[in-house]
Amino acid sequence: MGLPWYRVHTVVLNDPGRLIAVHLMHTALVSGWAGSMALYEISVFDPSDPVLNPMWRQGMFVIPFMTRLGVTKSWGGWSITGESVSNPGIWSYEGVATAHILLSGALFMAAIWHWVFWDLELFRDPRTGEPALDLPKIFGIHLFLSGLLCFGFGAFHVTGLYGPGIWVSDPYGITGSVQPVEPAWGPEGFDPFNPGGIASHHIAAGILGILAGLFHLSVRPPQRLYKALRMGNVETVLSSSIAAVFWAAFVVSGTMWYGSAATPIELFGPTRYQWDQGFFQQEIEKRVQGSLASGASLSDAWAKIPEKLSFYDYIGNNPAKGGLFRAGAMNSGDGIAAGWLGHPVFTDKAGNELFVRRMPTFFETFPVLLVDKDGVVRADVPFRRAESKYSIEQVGVSVTFYGGELDGVTFNDPSTVKKYARRAQLGSVFEFDRATLQSDGVFRSSPRGWFTFGHLWFALLFFFGHIWHGARTIFRDVFGGIDPDLDDQVEFGAFQKLGDVTTRRQAV
C-alpha cells in the first residue's frame, strides 16, 4: 500500500491490536527520552552553588520537574539544596531516570508483542465475528483509571500521606523545600499561587473522574447521541483526545509563563512580570527600610539582603530577555554568577542621591539615565558627548557600594562610575565568570521560556489537528461520497431522496 508520509496512520484505523502497539511504542519513546535526558542532565549538572548557579541558570529541563514532585537527592552524594547526603534511597534522580528507562524497555517489548499478535479475540464482536471496539466502554475505563490516578496523586503524594509532598516556597523563592501540603477547600484553593489548591483540585477532579468513569461503564449512550457524535468511529476518539491535549498545553503554557504554585521560581527561574513590576526590587527596598528603622547602618541593612533575592532582581534572569532562537543555557550568555558586588548608591557633587533608570524587558539597548527622587534626570551617559549637558564628568557623579563584596568602597573616576551605572541598569550588580563556558554576553532564556514557547506551538498545532480530525469524522459521509456498492443506479432526479430506492419518482 503506497501511502504518502502524512497518511501512514491509516494502517491502524481498523486494526485495534496494532493501534495499541503504536501507542505503547510512543509511550516507550517518551519514557526513554525522559530517563535518558535526566541521566544526561545529571552528568552535566553542577550542584555546588544552588544560590548563584541554580538548575534553571544551567539550562536543566527535566530536573526541575523531578524536583517539584519531591526528588531532591542524588546517588552522587549531593542534594539540590547544596548539602551532602549519605543515603539518597531508591527514588533519587538516578533512580527515577533508571525506572523510566526500564519502563521504556518493557513498553518496547509490549509494543512488539501487540504488533505481532494483533488479531486477538478480545477485539472481535462475539455476535458478528468482525473486528469491533466498544468505544464508549473504553472511554469509561480510561476515565475511571485516570480519575483513580488523579485522586491518588492529590490525596497521597501531594499531602504526604504516602509520598514526599511537593516543592513549596515563599513568594520570593527563598525558603523552598519539599513538604506535605494541606488541601485548601475554601476560595483560597483557587489562588494559582496556593499549593493547597494543587492537592484539593487533584482530589476533587479525581473523584469526578472516578464517578464519570463508573457512569460511562454502566450507562449506554442514547442512539441519537451515539450517531450525532460519531461515537462508533475511532477518529472521533482521536479528535477528542487531541482536544484534551491541546487544552492542557494551553493551560500549562499560561501557568508556566505567568507563574503558579506548580512552577516555583527556585526551579524554573523568575517570570518576566516580576521584573516588569519591580517585584523583587520592592521587597528588597522594604527589607532595607525595615532594617534602617530598627537602627541598622546602610551597610548592615544591605548586607542582610539574601544573595538569592538580589540575584532574582537581575534582568539577565528574565526569561523574556533571551531570544527564542538563541540556543543554550543562561550561563552561556552572561556567564556564571560569581558574587554580588553590593548595592550602588550614586550621588552628584551637590550630594543628591541619584537612581539609575532600569532597562525595560523588551529593550536590547537603553539610555543610561540617573534621576533624582522626583524623577528629574540629573545625569546620563550621552550618545554624543559634543551635545552633552548631564554627563557623568560634567555632573561629577560618584558611586558607593553597600553590602556585598565592595561594601564601603567609593569610586569617583568617571569611567568606573559609568561602568557601574550601565550595570545598575540591569538590576542588582553581580560579577560574572564568562571564561569558564566561553559565554558570549548575549542573554538567553530560561527553561520557563522554552517550555512556554514549545507548548504554545504544540497547542496551536494540535488545535488545528482537532479541527481537522473532528471535521473528518463528523462529515465522513460527505467526504466519503456515495457508496459504490449500491446495486441500483443512483442518479440525481431519479429518487425523491438520493439513493433511497423506496422513494422512486413516478413518471408523469
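Placed from the backbone N, Cα and C atoms, the Cβ positions cover glycine too.
According to Swiss-Prot, the feature transmembrane segment maps to 21-36 (among others), an assignment based on sequence analysis. For the transmembrane segment (21-36), the list of distant contacts is 9, 12, 62, 96-101, 103-105, 107-108, 110-115, 118: same-chain residues at least six beyond its ends, Cβ to Cβ under 8 Å.
The transmembrane segment annotation in Swiss-Prot covers 101-115 (among others) and rests on sequence analysis. Here the transmembrane segment (101-115) has Cβ contacts under 8 Å with residues 17-18, 20-22, 24-25, 27-29, 31-32, 35-36, 39 of the same chain, all six or more residues outside its ends.
Sequence annotations record features per position, and here Swiss-Prot assigns transmembrane segment to 140-156 (among others). Within the chain, the transmembrane segment (140-156) has long-range Cβ neighbours (under 8 A, six or more residues past its boundaries) at 162-163, 183, 198-218.
Marked as transmembrane segment by Swiss-Prot: 203-218 (among others).
The feature transmembrane segment is assigned by Swiss-Prot to 237-252 (among others).
Summarising the annotation, Swiss-Prot assigns transmembrane segment to 457-472 (among others) and lists sequence analysis as the type of evidence. Counting same-chain residues at least six beyond the ends of the transmembrane segment (457-472), those with a Cβ under 8 angstroms from any Cβ of the stretch are 235-236, 238-240, 242-243, 245-247, 249-250, 253, 479.
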